[in-house]
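Features reported for this protein in TrEMBL:
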REGION    1-24  region 'Disordered'
BINDING   HIS123, HIS125, GLU129, HIS168  Fe(2+) binding site
BINDING   HIS123, HIS125, GLU129, HIS168  Ni(2+) binding site
Amino acid sequence: MSEEANKKAKTALPQAPDEEWPEAWMMCDDDKIEDQKKENRQDPNAKITAADMRKLGISFWKMDADTFTYPVKAVPWDPKDAVDPRLSQLRDDRGYSYADIITIHPDHLPGFDAKIKAFFEEHIHDAEEIRYILDGSGYFDVRDPNDKWVRVHIKKGDLMTLPEGIYHRFTCDETDYIKAMRLFKGQPVWTPFNRPQEEHPSRKAYVTEFMEEKKTDE
Ligand code: KMT
Ligand code: NI
C-alpha cells in the first residue's frame, strides 16, 4: 500500500472502554417522578452497563474537553475549525459536517423553563442525535426494548450518539447547567417527532434493527 493509501485507511477513532461509559440506571415509573432533574432511580438501583447501552444503538467516545475550549454559543460553529485532532477525526470518520454549541442555563437560554419542558417530551428524530458535552452535566433518557426508561448521566468530555428513531428525552440535572456541541450530517434538522411515531420510517428502521426479539421477560 502506498503511504498515501495507508493514511486514508487509518482505523476509525475507537470508542471509550466500558469503564469510561457514563453511569446509567433503570428509572422509577414516570408517575413516581416528582422532579425530572433528580436521579429518579429504582429502589434498589438497577444498573445499566455499557454493553446494554450499545445494544440500544448508543455509541460513546471520551473527549478532552479541558485542553480544547469552545465559545459559550456559536451558531453555526464550523467543524472545519476543530482544534482537537480527535474531534476532527470523528467528524471525518462519521461525516459530520455541521456543529453548533448550546448552553442550557437559566442565564444563557431564553425561555429556559419552557425549553426544559419541551426537551423532556418523549420523541424521535429522523437522524442520529450527536451531543458532545463541553461542560456541565445532564440526563438523556432512552427507552429499552421493554419500553422502560433508562437514564444516562452525561457530563463534561462525553460524546454520545443516539440512533435515529430511538424514543428519548433530555433534562438538566439539579445543577441546571450543560454546555453541548450538537453535530449533524448535512444541514441540521432538530425537529422532534413526539410519541407515538410507530409508522414513522425512522421508528420502523430502529425497531427492526434494535428491538425485534430483544424483549426479555419481566
Ligand atoms: C436535545 O436534543 O434534547 C437537546 O439538544 C438538548 C440538550 S443538549 C445536551
Ligand atoms: Ni432529541
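Note: Cβ is positioned from N, Cα and C throughout, glycine not excepted.
In TrEMBL, annotation is done automatically, which means it is predicted and not curated.
Annotated features, which come from TrEMBL, shown on the structure.
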residue: HIS123; record: Fe(2+) binding site; Cβ contacts under 8 Å, 6 or more apart: TYR167, HIS168, ARG169, PRO192, PHE193, ASN194, ARG195, GLN197
residue: HIS125; record: Fe(2+) binding site; Cβ contacts under 8 Å, 6 or more apart: GLU164, GLY165, VAL189, TRP190, THR191, PRO192, PHE193, SER202
residue: GLU129; record: Fe(2+) binding site; Cβ contacts under 8 Å, 6 or more apart: THR161, LEU162, HIS168
I'd like the Cβ neighbour count for HIS168 (Fe(2+) binding site), meaning other Cβ atoms within 10 Å of its Cβ, all protein chains included.
24
Identify all same-chain residues not among HIS123, HIS125, GLU129, HIS168 whose C-beta atom falls within 8 angstroms of the centroid of the Ni(2+) site's C-beta atoms; report them in sequence order.
ILE124, LEU162, ILE166, TYR167, ARG169, PRO192
According to DSSP, which of helix, strand or coil covers HIS125 (Fe(2+) binding site)?
coil
